[in-house]
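Since the structure comes first, as structure tokens, the remarks are kept for the end.
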Amino acid sequence: MKIDYLTLFPEMFDGVLNHSIMKRAQENNKLQINTVNFRDYAINKHNQVDDYPYGGGQGMVLKPEPVFNAMEDLDVTEQARVILMCPQGEPFSHQKAVELSKADHIVFICGHYEGYDERIRTHLVTDEISMGDYVLTGGELPAMTMTDAIVRLIPGVLGNEQSHQDDSFSDGLLEFPQYTRPREFKGLTVPDVLLSGNHANIDAWRHEQKLIRTYNKRPDLIEKYPLTNADKQILERYKIGLKKG
């Protein structure tokens, strides 16, 4: 996969992209990273990339010329995903990360002002994505967050391919509780079932815990999850237990 970042602050990406999984993915030729400062593509002597909005209003708006000119240098095909980071976009999700992990080329357009000239949005962008109902100073941090979520799903990037399949959201539920040594710590013990060696019982316990944890922390996900009759019975028993105290 190749990822290009159009940004006014390419140095922001150095730390994140050169460590841990990102670094290994590049070393193993699974990922090619390129940052482009689109200020270099400004058309006047002052390297101006923003201007006041037509019609008045607060803040500055990114001009179209630098972004369009930078895109022309990237050899972007029709198959590439060009992502605009913006609060009005589609909320980012695990499902979106899975979809984007299959792309060969992704371009992130990272703004840093009040907004974008609408012509950038309508003529260059394939996906508008938001990280949530809040506003950040720029698109760089969301782009880095998305990159981490996407790249770890590329086959061969993680040492253990099973790892991401057990992650929260991979099957629509939150992850089950995890324990490691010691068996007892400050009077807190590991559930006996995890020490039993019975893998069927362990799997059943983990699924039950995923259902309960999701029910408590993300009821919106439970509403979307295709509950089996057995799942419904698990949750009903849990609710009855809560009422009994």
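Glycine too: its Cβ is placed from the backbone N, Cα and C atoms.
Features of the protein shown, as given by Swiss-Prot:
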- GLY111, MET131, GLY132, ASP133, TYR134, VAL135, LEU136: S-adenosyl-L-methionine binding site (BINDING)
Residues near ASP133 (S-adenosyl-L-methionine binding site) in space but at least six apart in sequence (CB under 8 A): PRO87
Fewest other Cβ within 10 angstroms of its own Cβ, chosen from the binding-site residues MET131, VAL135, LEU136: VAL135
Cβ neighbours of GLY111 (S-adenosyl-L-methionine binding site) where a neighbour is any other Cβ within 10 Å: 24
Other CB atoms, at most 10 A from the CB of TYR134 (S-adenosyl-L-methionine binding site): 7
S-adenosyl-L-methionine binding residues GLY111, MET131, GLY132, ASP133, TYR134, VAL135, LEU136: largest Cα-Cα distance, in Å and rounded to whole number: 17
